[in-house]
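Annotated in TrEMBL:
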DOMAIN    A:11-424  domain 'TRAP C4-dicarboxylate transport system permease DctM subunit'
TRANSMEM  A:62-80  transmembrane segment
TRANSMEM  A:100-129  transmembrane segment
TRANSMEM  A:141-165  transmembrane segment
TRANSMEM  A:177-199  transmembrane segment
TRANSMEM  A:220-239  transmembrane segment
TRANSMEM  A:245-262  transmembrane segment
TRANSMEM  A:283-308  transmembrane segment
TRANSMEM  A:314-333  transmembrane segment
TRANSMEM  A:340-359  transmembrane segment
TRANSMEM  A:365-388  transmembrane segment
TRANSMEM  A:400-424  transmembrane segment
Amino acid sequence: MSGAFIGLMGFAGLFGLMAMGVPVGLALLVAGIAGTIAMTGWSAAAYTLSGQAFATASYYELSVLPLFILMGNLASASGLSRDLYEVAHRWIGHLRGGLAGATVLGCAGFAALSGSSIASAVTMGRVAYPNMRRFGYGERLSTGTIAAGGTLGILIPPSTGFVLYATLTEQSIGRLFIAGILPGLMLTGLFLVAIAVIVTLRPAEGPATPPSGWAERWRATRRAAGITTIVLLTIGGIYGGIFTPVEAAGVGAGFAFLMLVLRRRMTGAVISHVIRDTLRTTGMCFLILIGASVFAPFIALSGLPAVVAGRFDALPLGPTGTLMLIILAYAVLGMVIEGLSLMVITLPIVYPLVLGLGYDPIWFGVIMVIVLEMGLISPPVGVNCFVVSTIARDVRLETVFAGVIPFWLAMIVAVLLLIAFPQIATLLPDTMFNAAH
Amino acid sequence: DELKLAHFMSPQHPMDRFVMTPLAERVAAASGGDLTIKVYPGGELGAGANQQYRRAVTGIADIAFNLPQYTPAQFKRSVLLHVPGLFTSPQEATTRIWSQIGALDEDFSEVRLLAFWTNNPSMLLTRDKPVRSLADLRGMKVRIPDPVSGSIIEAWGGIPVSLPATETYNALSTGIVDALLIDASAVGSYKLNEITRYATVNIPGALSTFSLIMNKASWDRLSPAQQAVLTQETGEKLSIEAAQAFQRAGDEGMAALKASNVEMITLDDANLGEFTAAMQAPVERFLTAQGTEHGFDGKAFVDRFRIKDQAAP
Amino acid sequence: MTDADMTDADKADEEAGDRLAGGAAERWAARLLELLGGAALVALAVLTVSDALLRSFANRPIRGANDMIQVLLVLVVAAAIPLCIHAGRAIAIDIITRRLPHGARRIVARLVNLICALVLALLAWRCAVNAREAALFGETTMLLQIPFGPFYWCLAVSFVVSALLFAVLTLCPGR
Ligand code: NA
Ligand code: NA
């Protein structure tokens, strides 16, 4: 049996286990360990198992994961998500589709405090959904906006997606975070365009609402000063060399905690809820990471990546064509496999291939994250749509999936723009961590 | 027979391209294919840098690439060779170490030592302020590559900062640190030439040691002829080649710095003397403490490796 | 967030945890893990922030902060994994099994729980072996030389608890 064949069997086993309902992290572990035994025998495989688990759990750079999750939870507990939505609502709510626009802007703002798409969708959805329905917004537009807006959580830093990518590819977390800012703003803008198109074609989806008075607008703006301060201090601290992007996670969590105290929302129950949820989400991420740390070396060991790369090289496509094929494959796989798991499973093969084509690893990280965002909202396994349908109990899942289509198209446009103008991703990291010459 | 050689660097790393892979090719050729070595790069057999020693002792890999500094408790003697000022180049260091290799026997009593070499002594890269004298370094935050450098930087009046290597570029460019103490061979990997304005090239910097270690049972399993081939292709000869590979990578790093118009600062004897004098006390304290703790004379151990007529630091 | 702010999704989430947690012992163990993991999490945050601030504003970074962060992270992870499994938050794909007839679905679920219990038990055993060997081979952090052995034990315990959770589900699938 050739190594590449064992590698393929490993993938087959992995997908079989996942289809049965084995949690992704444990499916990676089982397939990885079985494959490693086939490649190197039991004793080496047994060694890999505990060694990799420990190496992952004690990896300094991964300390950002629990800290960013904590920051998001604290921010949500102190009511910052509501403030964000309010300010956008007061200023643009009176426009046609304005509340949907406010939701997208709120999501973008909250994304700067939250590393997870699901958390962003839940948090903003809770605030925005009842409001949009109250003003007569259509089911499709209101749920689609939340599901799609939530995905900004992994593009605008901080982002668990970038942390995983950085860990798996040994790239700088800091550079990836900074690289996500402009594409994140661009995608926010494209979402707003999508909303404008929707309400132009179907005005009933997002009717205009009575404008807010100036006093209300400024009051909401002042209230949002808290969150703006946290974001500016965190980004400013990185830019000003006060702390590293890894440390920014802890600093952000500290600010969010301070906000909780200042707003007199700190109670035992709140703290215990925040800690409990932070631990559970951290466990979710690390289970997958540990599984990946066993599965990825097995795939490298099997030699499968080289075989696949050889096949791709043989195709008469050129770098752009190959890249398009990869993106297409992700769009399809993203339909059935949850985003972060998909990245973890495929990077051992795709990353060397993309580097071989001569693409910039930071830029590809951004592309990768947008493609994962598409997966988060595409049927049948669109995690963000599931989340939204738990908030909007009265709306059918099919309606949510129909509602995200325009936003999915906006993501395609974003990917194409990034391919045409890679500077959108590389400009900021290149100037912020500026060269001395 | 096929031996498994495990390391955790990428297949493109100079150590794979100029040491591991050539070793595998030569052993296969010299034994007429009777003995082969399969290289497992990139941590395919497990990536944890601090797990490599155990990997060799337990026979998970027949041969492992090992950095003594990651398991300092095991390599009590090897890590003493990291103190700054002992050596000026990888080749000099490696030749000198091999002339006294028996002094390291205790560190490698559980395995068979196949090769032992060093990288380049660290130099100092700065962005805002050139370091031409000891006074210039005072108050600077310096990213340190290894534990030994911490107390040296303190003795020079600087502030040691630990950072992952992947964040060095960002850290120097935003001012998290004012200086990087780093081996010239790392300049290319992290594009440090882009963010550096000044390099103090002959500051007495620490270096790191590297070794290839082999499981004892794996060695015993080989036929006398196979053992002879392996002995012939490893040892001092391979070590010197490995040191030369680091030297070349270091030269490339220096060339990249020069190409980026980085000002290359060479300390004159008087200024160099200040650095050497300031670090003497912590170096001696470190050597004495390490030796006393583990029952040997640390200073005497290191003196065996000192080039003759070189003044003690 | 206050109770009033908690959505149904949150409550369902908390209840899912409680549904699994039949016995008082189980609930007690979960609270203990939350307490320990929470303490490690807070220590991680405080250490990260104070190291950054002390370095930037007082020029006195904490010696060996990275070493401490490494081992604190192990503690957080060790507490977090069983808590995640306990709350039913481990990401799994049920798109296919959902469509199976009831009987078949139960059999598959049992098999899945058994596989999970076994692989976690295997992992726990290897971590325990490793814990004993870590001291033997001098595995420590670089600067402070904090021994890894005890932290391997923490992971081993964490995986044992996780395996037990799946074992319980295998034996009493109704819970
Ligand atoms: Na984010
Ligand atoms: Na999907």
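Backbone N, Cα and C atoms are what each Cβ position is placed from, and that goes for glycine too.
Any TrEMBL annotation is an automated prediction that lacks curation.
It should be emphasised that the depicted structure is a prediction, and the values quoted were computed from it without experimental measurement.
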The transmembrane segment (A:340-359) in contact with the transmembrane segment (A:283-308), cutoff 8 A, at least 3 CB pairs, sep 6+: yes
Interface-richest range of A:141-165, A:220-239, A:245-262, A:283-308 toward the transmembrane segment (A:400-424), CB pairs under 8 Å: A:141-165
Same-chain residue ranges lying at least 6 outside the transmembrane segment (A:314-333) that approach it to Cβ under 8 Å: 342, 346, 350, 353-354, 357-359, 367-368, 371-372, 374-375, 378, 415, 419
The transmembrane segment (A:220-239) touching the transmembrane segment (A:141-165) per 3+ Cβ pairs under 8 Å rule: no
Contact yes or no, the transmembrane segment (A:283-308) and the transmembrane segment (A:177-199), 3+ Cβ pairs under 8 Å, gap 6+: no
Recorded stretch, among A:62-80, A:220-239, A:365-388, maximising Cβ pairs under 8 Å relative to the transmembrane segment (A:177-199): A:365-388
PLDDT averaged over every residue in the domain 'TRAP C4-dicarboxylate transport system permease DctM subunit' (A:11-424): 89
